[in-house]
Amino acid sequence: MEFVLSADKKEIKSKNLNISITEFVLLGFSDVPQLQWMLFGIFLFMYLSILISNSIIMLITRTDSALQTPMYFFLSNFSFVEICYVTVTIPRMLMDLCTQKGTISLLSCAVQLCFVIMLGGMEFLLLTVMAYDRYVAICNPLHYPLVMNNKVCVQLVAACWICIIPVVTGQTYQIFSLPYCGSNKIHHFFCDIPPLLKLACGDTFVNNLAIYIASVVFIMVPFLLILVSYGKIICNVLKLATSGRRSKAFSTCSSHLIVVVLFYGTATITYAQPKAYQSETLGKLLSLFYTILIPLLNPIIYTLRNKDIMVALRKLQTKLSTYGNT
């Protein structure tokens, strides 16, 4: 009798393993149902704030003649990527908070993952390009207009997109080629690599290896390039004769450095950490940090610590008040 029962259990288990998953369930914040509407209000406010603040940065960098420089061209592109990045994750999260369902098809999950990785990787590459721009501006000021002309700036941004798109597309295809035949519940509020790999039934060694290689190429290598750029910038700045020129040079770089530390710190912990040490709760908190909080802080960091942008904002305010009075 016991033999028959154990055989039946094995048969049921094997049948479950043969069932392929057609949709996932994003659990998100279902563990705190009493806070659903409060979280909805907070995240909606944050999302609108990110859209408005980054849109304002894009507007003033395109319309103000004083901001028609490579540094603000890259900042405008960074703001555009930020808007796209939060739009991939937050609206879906807000909808799940309202409906309290969280179901997402396999295709939708793949598309979301693809854009999350692509836009996140694009941000890292843009931060590297921005560091290079500051290096040329401070260490080679006489050659700066020649080296960082409009054509070069456009080519650098285009090169970032060309580098990231095929890698991300291939990695997404590789992840969703894995068999998903167990639980379909993702302990996250969007489709991300670590929680998806935990649900895969097959061998994920190749996928984990690909993630580590991609982390090295798109996180560690750009981070080292940024460190080298700022190492040379600091050495060059310390050689300046007056303290006023030194403080001005440091002020143009400090906001960028703060953003670099925030981005690279959270990304390294999330994607370069061994799978065995990954906590679902910690992963969710870190994801909230780099998908919502950092995009919210970036415009504040860049505006409050940048005199040119503050002046441009006052000009825009004056224009809007003038149009309002007429």
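Just so you know, glycine gets a Cβ as well, placed from its N, Cα and C.
Summarising the annotation, TrEMBL assigns transmembrane segment to 37-60 (among others).
Per TrEMBL, domain 'G-protein coupled receptors family 1 profile' is recorded for 53-302.
Look at TrEMBL and you will find 72-90 (among others) tagged as transmembrane segment. Listed by sequence, the residues of this chain that lie at least six past the ends of the transmembrane segment (72-90) yet keep a Cβ under 8 A from its Cβ atoms are 43, 46-47, 50-51, 54-55, 57-58, 61-62, 112, 115-116, 119-120, 122-123, 126-127, 129-130, 133, 150, 153, 156-157, 189-190, 291-292, 295, 298-299, 302, 308.
The transmembrane segment annotation in TrEMBL covers 110-132 (among others).
TrEMBL lists 152-169 (among others) with the feature transmembrane segment. Same-chain residues lying 6 or more positions outside the transmembrane segment (152-169) and placing a CB less than 8 Å from one of its CB atoms are 70, 73-74, 77, 114, 117-118, 121-122, 125-126, 129, 132, 214, 217-218.
The transmembrane segment annotation in TrEMBL covers 209-228 (among others). Panel annotation: around the transmembrane segment (209-228), residues 121, 124-125, 127-128, 131-132, 164, 167, 171, 174, 193, 260, 264, 267-268, 271-272 of the same chain, lying at least six beyond its termini, place a Cβ under 8 Å from a Cβ of the stretch.
Taken from TrEMBL, the feature transmembrane segment applies to 249-273 (among others).
The transmembrane segment annotation in TrEMBL covers 285-304 (among others).
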- Query: Averaged over the whole of the domain 'G-protein coupled receptors family 1 profile' (53-302), what is the pLDDT?
  - Reply: 87
